[in-house]
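Shown next, in structure tokens, is the structure this report addresses.
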Ligand code: ATP
Ligand code: MG
Ligand code: FE
């Protein structure tokens, strides 16, 4: 069964053809990063316009790459939220037009479920139940994935998302948008023990997160150093920040695995591309006998393939959207 998947929730226009939820026949991703870089972050109105400009060509490329025609598609999967409302609307309108004209079903997909499902594409043997740690640009969740279309949220951030913290700290260090990959790179040469930034664990037993205090601690540190006219080693700041994030993420994730007795962990979202997180989670999982799944690098950040995977599992579990489907910028998991 083939789905044509459409993703336009933020600043990537992506269309993919996915077979049976796990196999990529094509996955075209057009990123707007270079345009938004000038503004230090995504400008919603520009994002919407750019999606409109390229989406038809992306569809052509996706079909060509998969070597199929529109009549070979069984149903359409499209991101319904969360994301930027104008950006989501472009993909949604395009998806509805295709569904209507081809007379095939339309499936609305939650973008965050998509991030989790990227693991099904990279790891053909992964099956629920498992624990998922979602660390993306706008969201942070600990989830018990009990079935292919069943998600139980156990913890979430109370303020900044992990990716947001990376991007804000990078900005304070004068690094270009998106900051996450830059912090990752600098951390490889910096000393993670140079500065002891706070680890916020919240209440004992809590699986929620809070990263705004850490961000503020870094801003304060940078201001104090500037006032004292002392040199700031940005590699050390980056590495110490990254380690503080990893300590909190890993403590809560492995505690949850222990408490639920689950033996599989999947990491998802753009920050799953972080090499420090990949290394430390790989080591800890090995120590504790947990099987670890992380998507291939190009499937960590936004792409339509993951939307096609989540769409497939919704579809076979009986879900079907109507042409009245609305986008929801704040759709929750
Ligand atoms: P959401 O999925 O929550 O709606 P989004 O789609 O904008 O948000 P993603 O595509 O999942 O976010 O990921 C983008 C985020 O990942 C950015 O915050 C970026 O800085 C971060 N990121 C990407 N690569 C790395 C890396 N190597 N290390 C740390 N962060 C990274
Ligand atoms: Mg993006
Ligand atoms: Fe995303």
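Cβ coordinates are placed from backbone N, Cα and C, and glycine is handled just like the others.
Going through 27, 263, 274, 298 against TrEMBL, the one listed in the substrate site together with 134, 135, 136, 137, 138, 167, 180, 184 turns out to be 274.
In the structure as shown, the Cβ atom of residue 115 (Fe cation binding site) sits within 10 Å of 30 other Cβ atoms. The Cα of residue 134 (substrate binding site) lies closest to that of 115, out of the binding-site residues 111, 115, 302. The Cα atom of residue 115 (Fe cation binding site) lies nearest to that of 136, taking the binding-site residues 136, 138, 180, 274 as the candidates. On the 0 to 100 pLDDT scale, the domain 'Gcp-like' (23-308) averages 97 in the predicted structure. Closest to residue 302 (Fe cation binding site) in space, going by CA atoms and restricting to the binding-site residues 136, 138, 180, 274, is 136.
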